[in-house]
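K.L.:
Below is a structure I'd like to ask you about.
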């Protein structure tokens with residue numbers, strides 16, 4: 001053994017080829033500080049052994065290296081610039097040491113080689129992947145750029161245009177696609193991986209492959225003609241800004257870094273990367289996006305832990321077909337759990353099956369599935385008009401019409417057809433789980449399971465704990481949601497649960513602006529372009545449906561009359577009473593037509609303005625800051641109330657619920673990250689300026705205490 005540490009082992013193989021194996025404790029290899037230090041020491045040992053003729057990098061895991069240890073980032077990025085620069089320079093010295101070894105090097109890549117893992121393989125002369133490999137630099141998704149030489153080496157390996165696409169999108173690349181652009185030199189079967197990499201090194205040692213020429217290309221400036229370079233980078237800037245926009249600076253910074261470094265050798269090019277990396281690491285956007293990543297890991301970790309208490313779900317059922325039932329059936333079947341789709345009407349079953357078939361056909365058309373896989377998924381969906389079909393179901397999801405009496409009746413019926421230990425969950429967005437549980441003989445086997453529409457696109461599922469729901473019931477539904485590919489958060493029962501409870505105060509703020517003459521299209525523009533929502537409140541209400549919004553608003557008013565009670569007609573009432581239901585009937589705040597791609601196209605409609613003018617008077621202009629404050633303050637305070645009341649267990653789960661359930665702007669990180677960035681004391685001072693608008697604008701006593709103590713919701 002040439003070198004050994006808890007994360008890396010180096011041994012000498014035959015023909016004097018050294019094998020460096022990444023072998024960290026745990027299921028995957030990460031580039032944490034310990035691994036980086038071990039790699040540095042291992043390379044020193046390798047350099048000192050004069051017998052070594054070549055080096056192959058391997059992994060003992062199913063993956064190569066998944067990237068840096070992101071749990072270290074927030075603490076590290078909070079350090080002074082000088083400390084951060086020192087860390088980046090030391091890390092890059094290790095990668096340079098690997099690249100400068102006096103003999104050929106190769107990487108044997110299986111599974112993920114992402115971020116620092118990708119930058120590791122780029123520092124070797126040859127790269128061999130097996131068919132499971134996925135390679136990429138996802139750093140821009142975290143608000144930063146690659147910091148271990150990725151922006152320098154990748155363009156010199158695969159060309160500037162390809163590198164710009166890889167780095168600015170942050171997408172993983174399959175082995176076959178990486179081979180096409182030259183990121184890897186060969187793709188082989190998993191069992192042949194190490195042997196293929198070693199053979200490539202033998203050929204290099206025998207001078208059949210010119211490893212030094214490859215290395216020199218990475219050490220030199222890009223060989224791009226001046227005009228071609230100008231066109232390439234100008235085009236990239238336009239395309240990247242069109243996608244990333246002003247709120248996400250990292251992709252544009254990546255283009256700029258690659259452009260500036262294109263005429264430099266390695267040392268100068270790396271300095272350009274270092275400076276841009278440090279600048280981005282200090283941004284609120286990076287803190288927010290890294291926070292989302294860590295929160296996502298936290299939520300998934302909780303779900304995995306809950307799985308230990310879960311009843312195994314081998315068969316499922318959904319009651320109520322149509323679009324929602326069909327979406328749930330598709331999601332379950334496509335992730336491997338057979339499901340019965342039960343309804344009382346054949347047309348509804350046909351609609352549900354058609355919905356599943358449509359979603360699968362779209363997957364086939366995009367090349368993400370095959371006709372054979374589509375047939376297998378459809379065979380996992382069993383439509384039925386008979387309750388007898390659900391008798392072997394481990395979990396039954398009730399998804400009938402959103403009416404308490406109808407749901408209660410169906411739930412009571414279901415218990416008579418399933419086994420004693422079957423779990424029943426209601427897909428409801430507003431109806432109390434405790435209320436529905438009153439119709440159940442075994443309320444401990446019952447909880448809520450709130451899917452968001454469209455089911456196949458929305459990652460969040462709210463699992464609602466009723467006062468009688470058992471831990472096994474909650475754990476089993478959490479595990480089933482995870483198995484379906486969803487991110488579950490557990491919330492306690494209350495009107496609107498978590499997501500809708502915090503959404504409707506936002507709509508109340510919007511209604512308040514319109515009642516004073518606000519222009520709904522102008523408000524949407526501010527909330528989309530400046531705050532960063534994917535849809536402004538008027539557009540969102542049109543998509544949700546004004547009938548749904550009207551009903552849910554009434555539920556919230558009844559549940560929280562002190563804050564959400566209504567004293568008169570509001571804009572949602574005006575639209576609903578004039579049968580303007582939104583996209584579903586082609587007219588709401590906006591009017592809708594179908595564009596050339598078959599997608600809904602919205603236009604401003606004078607009729608809407610006329611109805612609102614009759615109700616509230618002439619239009620009045622509001623400043624953007626005023627619009628943001630009046631809509632967001634109620635949502636933020638209600639989110640804090642949910643945490644204080646234990647409706648949601650942690651800031652991390654609340655923020656993931658907002659990002660995944662409502663599309664809260666990821667670059668702001670969620671309500672609690674937004675509060676911490678703004679400063680709780682600053683928010684309290686802002687809210688107090690609007691306190692005259694009513695209960696929704698009154699901060700809690702606990703918020704005032706936190707503000708007075710200069711506290712925050714996140715510890716890092």
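Cβ atoms are placed via backbone N, Cα and C, with glycine included.
As listed in Swiss-Prot for this protein:
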type: SITE; residues: 119; note: site 'Important for catalytic activity'
type: SITE; residues: 139; note: site 'Important for catalytic activity'
type: BINDING; residues: 296, 500, 660; note: substrate binding site
type: REGION; residues: 311-716; note: region '3-hydroxyacyl-CoA dehydrogenase'
type: BINDING; residues: 324, 343, 400, 401, 402, 407, 429, 453; note: NAD(+) binding site
type: ACT_SITE; residues: 450; note: active site, for 3-hydroxyacyl-CoA dehydrogenase activity
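Could you place the listed features in the three-dimensional structure?
P.N.:
Within 10 Å of the C-beta of residue 119 (site 'Important for catalytic activity') we count 28 further C-beta atoms, all protein chains included.
All protein chains considered, the CB of residue 139 (site 'Important for catalytic activity') has 29 other CB atoms within 10 Å.
A helical conformation is recorded for residue 296 (substrate binding site) in the three-state DSSP classification. On its own chain, residue 296 (substrate binding site) has 487, 656 as residues at least 6 apart in sequence with a Cβ closer than 8 Å to its own Cβ.
Counting every protein chain shown, 21 other Cβ atoms lie within 10 Å of the Cβ of residue 324 (NAD(+) binding site).
Within 10 Å of the C-beta atom of residue 450 (active site, for 3-hydroxyacyl-CoA dehydrogenase activity) sit 23 other C-beta atoms, taking all shown protein chains into account.
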K.L.:
If you count CB neighbours within 10 Å, which one among the binding-site residues 343, 402 has the smallest count?
P.N.:
402
K.L.:
Tell me, in order along the sequence, which recorded positions from 119, 324, 343, 402, 429, 660 have their CA within 10 Å of residue 450 (active site, for 3-hydroxyacyl-CoA dehydrogenase activity).
P.N.:
429
K.L.:
State, in Å as a whole number, the widest CA to CA span among the substrate-binding residues 296, 500, 660 given in the record.
P.N.:
20
K.L.:
Quick one: what's DSSP say for residue 450 (active site, for 3-hydroxyacyl-CoA dehydrogenase activity), helix, strand or coil?
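P.N.:
Looking at the DSSP assignment, residue 450 (active site, for 3-hydroxyacyl-CoA dehydrogenase activity) belongs to a strand.
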K.L.:
State the three-class DSSP label for residue 119 (site 'Important for catalytic activity'), counting H, G and I as helix, E and B as strand, and everything else as coil.
P.N.:
helix
K.L.:
Measuring Cα to Cα, how far is residue 324 (NAD(+) binding site) from residue 500 (substrate binding site) in Å?
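P.N.:
Distance between the two Cα atoms comes out at 18 Å.
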K.L.:
Which one of the binding-site residues (400, 401) has its C-beta surrounded by the most other C-beta atoms within 10 angstroms?
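P.N.:
Comparing the binding-site residues 400, 401, the most crowded Cβ belongs to 400.
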K.L.:
Give me the largest Cα to Cα distance among 324, 343, 400, 401, 402, 407, 429, 453, the residues the record lists as binding NAD(+), in Å as a whole number.
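P.N.:
So the binding residues stretch over 20 Å, Cα to Cα.
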